[in-house]
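Novice: TrEMBL lists these features:
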type	residues	note
REGION	1-170	region 'Disordered'
COMPBIAS	8-23	compositional bias 'Polar residues'
COMPBIAS	47-61	compositional bias 'Polar residues'
COMPBIAS	75-85	compositional bias 'Low complexity'
COMPBIAS	86-105	compositional bias 'Pro residues'
COMPBIAS	113-130	compositional bias 'Low complexity'
TRANSMEM	332-352	transmembrane segment
TRANSMEM	383-406	transmembrane segment
TRANSMEM	456-481	transmembrane segment
TRANSMEM	501-521	transmembrane segment
TRANSMEM	610-629	transmembrane segment
TRANSMEM	641-659	transmembrane segment
TRANSMEM	702-724	transmembrane segment
TRANSMEM	768-793	transmembrane segment
Amino acid sequence: MEGFPSPLQISSPVTARKSSVEQFPSALRVGSPVVEHGIEGRPPLTRQGTSGASDKLSQLFPSRPPSVASPISDPSTSRRTSHPSPLTPGPDPYQIPRAPAPPVFPEDTSYNSSPDPFDQQQSPPAFPRSGTKRLLSRLTTLRSAGKGGAYNRLEDEESGRGKGRLKQVDEVDEPISYDLSGYDGLPMKNFEPKKISAADAMAQERELNEAGYAAEYERLEAQLGAGMSAIHEVPFSYSAPTESKVNHKRGLSNVDVADAAAREGGQREAEKTGGIVAVSEVPIDISESFGGADFDSRSVLTTNVADEGSKTSYYFPEDPDMPSWRPFSMGWPWLFMLVIIALALAGLQEFLCQLSMKKSKHEPSAENDGGLVNFKRPGDLSLIAYFTWKYSPVLLFVIYGILWQISDFEVKRLEPYYQLSKKSGATAAESLNMDYLTFLSWLVPLRALRHKQYAVIYVSIATLVASSLVPILQSASVNMYPPKKDRKSDEWKAIRIDPAWSRAVTACLIVVAVCGSVLMYEMRRKSGLLSDPKGIAGVAAMATRSHILTDFHGLDTAPLSKIHKQLRHRRYILHKSSLWQGEYIRNSTEKIYEHGSDPRPLMLRLRAGIPFMFYMVLFLVAIPVFMFVPGADIVTDELPWLLTALAIIVKLLFGTLNCDVRMLEPFYILSNRKAPAKTLTLDYNGTNPIFLPFKALLNKHYMVAMVGVGSILAELLTVVVSSLSVNGRMFFPGHGHGGDDDKDDDHSKLFRRDDMEKDRYNTEETFLSFWVSFSLSASILLVLIAMTIIVYMRRSQKFMPRQVGSMASILAFIHQSKMLVNFVDTEELNSHQMTKHLERQGKTYALGWFSGRDSDDHCGIDEEPILAPYKYGVDWTKTRVLGNQIGTWEHY
């Protein structure tokens with residue numbers, strides 16, 4: 001086989017022939033049965049198995065011999081991982097059973113019933129090469145063809161059938177279109193064209209198209225993990241250190257020293273060769289009994305241990321041209337703008353405070369302002385002046401907080417890729433298993449601090465302070481002079497800035513500016529990304545060049561804790577826009593925290609949703625209580641920031657609910673079957689909160705659009721409740737101190753004329769502003785409660801086996817998907833190009849049970865058709881028996 005090309009060597013079942021077979025013509029050898037087994041010492045194939053495409057080709061073309069590269073494995077070894085590693089020896093190749101001896105024919109081709117030519121045990125004599133014999137052979141062939149004889153002519157199913165059959169003779173059709181009555185095996189030609197019907201022609205064309213698709217599938221599948229072929233393997237070697245003087249200081253063990261030596265040697269070799277280097281390791285304690293033994297002597301002792309096979313570490317050279325794509329909201333121009341705005345707001349706040357303190361030296365009057373602005377009645381101010389004083393400060397800080405939220409979402413979403421792009425990669429807990437978006441926002445800094453991911457710490461602190469703390473402090477820093485008990489309706493009043501609260505606002509803005517500046521420094525890192533890795537397709541495109549998917553074997557329906565436990569012994573790296581396995585971690589000290597088996601995020605569970613709805617109902621009830629119940633308004637007088645703080649809590653919780661809904665939207669669409677190709681690139685996590693409702697409406701994703709509008713309303717709620725700190729009973733029609741809104745001057749019905757504290761003109765509100773603020777607050781809370789109820793009615797069901805949000809969850813869903821062949825060589829495509837590429841395939845996708853590339857049942861995401869939709873708590877693999885399980889002891 002040395003002289004044949006490699007494709008013929010792989011697919012040909014015959015590796016050695018007898019000398020007698022070599023005497024047959026080449027045309028006869030094609031259809032001859034197998035003479036002998038292949039050479040036992042044949043090296044194993046690189047790919048031990050392929051998908052069902054090889055079976056499809058064999059079914060469509062019976063004459064095509066079955067490929068040795070895709071045998072039907074033994075039931076005990078029917079399962080395999082996505083890509084067998086080329087660095088570790090595979091199992092022995094499939095051995096074809098011994099075939100019967102090939103038929104031989106006598107020189108005399110005339111019919112003779114006494115001798116049976118198929119019973120001859122010796123090879124026929126060599127064909128004579130004289131011109132007379134060759135001429136007789138041609139004449140004999142022409143004579144038999146002219147008379148229409150069909151005996152000794154083996155034809156395939158595409159050739160015309162002979163009408164005559166020999167009686168009492170069993171004739172077997174063989175797919176050989178050669179006349180064996182001659183000596184040279186000349187191919188026969190049909191002199192009459194065969195007529196086929198239109199239906200047969202269409203069927204043949206359909207079969208050819210299917211075969212073409214199957215061949216293309218095999219070609220693409222062969223490229224999965226193709227990047228592993230360029231890896232240079234270096235055997236593991238270690239020399240035990242010489243024994244030194246024993247001391248009482250605790251140092252590194254021999255295992256740690258060996259790991260460090262292997263790490264340094266592998267990285268040095270990778271830098272030297274400029275390629276990926278693999279260093280094989282054995283998961284045993286080399287400090288015991290082996291000393292400085294080499295790799296081969298130790299590996300013999302663990303060859304028969306199935307679960308303790310050789311572990312391999314991969315080391316990568318530094319990429320001089322590492323890409324560094326990042327969204328605009330993470331670039332230095334955007335962050336620099338946020339820092340400048342923070343410093344400008346801090347300066348403006350301090351300037352207003354100083355101005356107020358300067359003017360506060362005088363009592364408010366017609367000549368002196370006595371503060372930033374003075375008036376006798378709030379209605380005396382113009383609409384612009386009143387809005388600027390009453391609503392614009394809080395509104396400005398709320399908008400500034402939204403700008404920080406845009407960067408916050410992007411940094412949290414892309415931080416795992418920054419960790420993977422480091423020179424040595426990152427552990428799974430720091431990258432593949434990391435999920436900040438579905439985590440409670442005020443606890444994110446603590447989680448990031450544990451993993452030392454400082455960019456997330458800075459952006460989270462800046463966002464929380466700018467969007468939550470600053471509006472609360474701002475609402476408390478503005479007050480009206482004189483105090484409520486000293487006010488009179490016919491005297492001047494002034495708006496002043498409280499120095500203590502104002503300095504707190506300024507300090508918070510400086511903290512935001514510092515965090516933004518440090519974040520600009522952190523964003524100098526390179527992400528290793530060529531474009532935005534949006535959705536499921538963005539992760540799948542990075543996992544087709546290596547064998548990273550083998551680490552997810554058996555994790556189809558596993559909970560997050562089991563995934564974390566299985567991946568903790570490996571570092572992972574993002575190299576050349578592809579995900580790779582990195583260094584093997586022998587003794588992992590990472591703690592595994594149980595997350596429970598509930599596949600829903602926390603805010604989509606009823607145990608969190610019911611308290612949240614109950615809290616909003618209480619807030620809705622508390623607003624009129626503080627406004628209209630006698631004596632209750634003292635709470636808002638003493639704590640003017642209380643309602644604003646309560647509204648901030650509603651905003652944070654509803655924002656978490658919003659993140660969960662838009663993160664789950666692609667998976668919810670896939671769970672309903674027949675999802676279009678653009679679902680795989682759908683990703684609402686990094687969408688601007690302002691544009692989110694419009695984008696979702698264009699995609700007809702009404703649930704996402706609804707919660708997007710709800711998040712904007714929650715921001716607006718923070719603004720309108722900041723003005724609700726007055727006695728609302730004074731704003732009922734007919735209960736006031738005259739003016740345009742109330743012409744009745746008879747206060748004896750409810751108020752005493754000398755009780756100026758109950759005069760509406762002694763408050764900060766006008767008749768119109770109070771009722772607009774109160775109506776908007778109550779309406780927004782009612783809408784948010786209704787939205788929350790709809791969300792829990794439509795999205796609280798368990799339609800997935802586990803929580804999603806991390807890269808590991810997606811990789812576990814697709815590690816055996818047939819659709820992976822569509823992502824070969826697509827790691828450089830952006831989101832728009834990827835969507836067009838998938839739409840050209842004309843396929844739909846679903847989440848459920850499907851037959852994987854290893855012919856076993858798996859739960860995950862794949863192209864249609866799938867075997868069954870996913871139902872929580874139902875294991876599809878236990879509802880039927882596979883073909884390779886029939887005959888085993890547990891199935892009878």
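For all residues, glycine too, the Cβ spot is worked out from N, Cα and C.
Surface or core, plus neighbours and distances: that's what I need for these features.
Specialist: A Cβ distance under 8 Å defines the sequence-distant neighbours of the transmembrane segment (456-481), meaning residues of its chain 6+ beyond its ends; these are 338, 342, 349, 360, 364, 370-371, 389, 393-394, 397-398, 400-402, 404-405, 407-408, 411-412, 415, 436, 441-442, 444-445, 448-449, 493-498, 501-502, 504-505, 508-509, 511-512, 515-516, 518-519, 522, 640-641, 644-645, 648, 651-652, 718, 722, 764.
Within the chain, the transmembrane segment (641-659) has long-range Cβ neighbours (under 8 A, six or more residues past its boundaries) at 394, 405, 409, 437-438, 440-442, 467-468, 471-473, 475-476, 603-604, 612, 615-616, 619, 622-623, 626, 635, 685, 707-708, 710-711, 714-715, 717-718, 721-722, 724-725, 781, 784, 788, 791.
Proximity of distant same-chain residues to the transmembrane segment (768-793), defined by a Cβ-Cβ separation under 8 Å and at least 6 residues beyond the stretch ends, is recorded for 378, 386, 390, 604, 606, 609, 612-613, 616-617, 619-620, 623-624, 627, 650, 654, 657, 661, 703, 706-707, 710, 713-714, 716-717, 720-721, 723-724, 726, 728, 731.
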Novice: Which listed range (332-352, 383-406, 610-629, 702-724) shows the maximal number of Cβ pairs under 8 Å with respect to the transmembrane segment (501-521)?
Specialist: 332-352
Novice: Among the recorded stretches 383-406, 610-629, 702-724, which has the greatest number of Cβ pairs closer than 8 Å to the transmembrane segment (332-352)?
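Specialist: By Cβ pairs under 8 Å, 383-406 leads among 383-406, 610-629, 702-724.
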Novice: Could you give the residue numbers and ranges of same-chain residues that sit at least 6 residues beyond the transmembrane segment (383-406) on either side and whose C-beta is under 8 angstroms from one of its C-beta atoms?
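Specialist: Residues 329, 338, 341-342, 345, 372-373, 459, 462-463, 466-468, 470-471, 474-475, 478, 495, 512, 644, 655, 688-690, 715, 718-720, 722-723, 764, 766, 769 contact the transmembrane segment (383-406) from elsewhere in the chain.
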Novice: Who are the long-range neighbours of the transmembrane segment (702-724) in its own chain, taking Cβ under 8 Å and residues 6 or more past its ends?
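Specialist: Non-local partners: 390-391, 394-395, 398, 401-402, 471, 475, 623, 626-627, 636, 643-644, 646-648, 650-651, 654-655, 657-658, 661-662, 665, 684, 689-690, 692-694, 696, 764-765, 769-770, 772-774, 776-777, 780-781, 783-784, 787, 790-791, 794-795.
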